[in-house]
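Chemist: Below, the features straight out of TrEMBL:
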type    : residues      : note
BINDING : 118, 123, 184 : S-adenosyl-L-methionine binding site
């Protein structure tokens, strides 16, 4: 079976993943096109996006790593990791902390160990996860950013952290280790097929009551929006949640902050467990 294919409902053939997503968006009367410039299609579709990513191959990920390793692109500061929008950090934290409170009180999520995927300098770990969990594993592809994390987090809480320089597409979660795997403003770096695989690996790394939290931008105007500079895709809501469904995930809690400026992409939070 091609990496671009998924089993059909009848189980007798393989249907391209791009076609599954396209049909789902059409069934919801939603846009099926995006902004991709590097394509022969006049109106780029999900199929064109998949073709573009597969033509790039490993460069899709290595280009992203190279982008984040450049100090000019991302200084090792809160302003840097937020793309020049440090003012987003307080409302972001304000939305995340009560979200975890609900997960812990209503859905019995524990408070022992969290995993911060795409951790950068540790902003989410310091301001959110270490407020709610005893220990945190930080996973970040940029060696430059992860090296800055212990100092940013500071003593004594940095001693409750492990710092790992790895891409999320290759990180081994182990088995039943984490109460939460937190994935914020980074999942767009994964191709669709790798996102599905990633979610299943992350789910295997959860404790019995554990959850995966995905907090990321979504596009309401287009099916997808590609940033070719840092190899990332902002997906539409239904595009994103369809991938969750194809990965066998159930959304057990969903919230969206109204604290962010109206001119940025909406930023929903999804708490996921295996169905």
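Every residue number used here counts from 1 along the chain in the order it is shown.
Heads up, the Cβ atoms here are built off N, Cα and C, so glycines get one too.
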Chemist: For the binding-site residues 118, 123, 184, which one has the sparsest Cβ surroundings, going by other Cβ atoms within 10 Å?
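Modeler: Per-residue Cβ counts within 10 Å for the binding-site residues 118, 123, 184 bottom out at 184.
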Chemist: Taking the center of the Cβ atoms of 118, 123, 184 at the recorded S-adenosyl-L-methionine site, which other residues in this chain have a Cβ no more than 8 Å from that point?
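Modeler: Same chain, not in 118, 123, 184, Cβ within 8 Å: 81, 116, 117, 119, 120, 124, 182, 185, 186.
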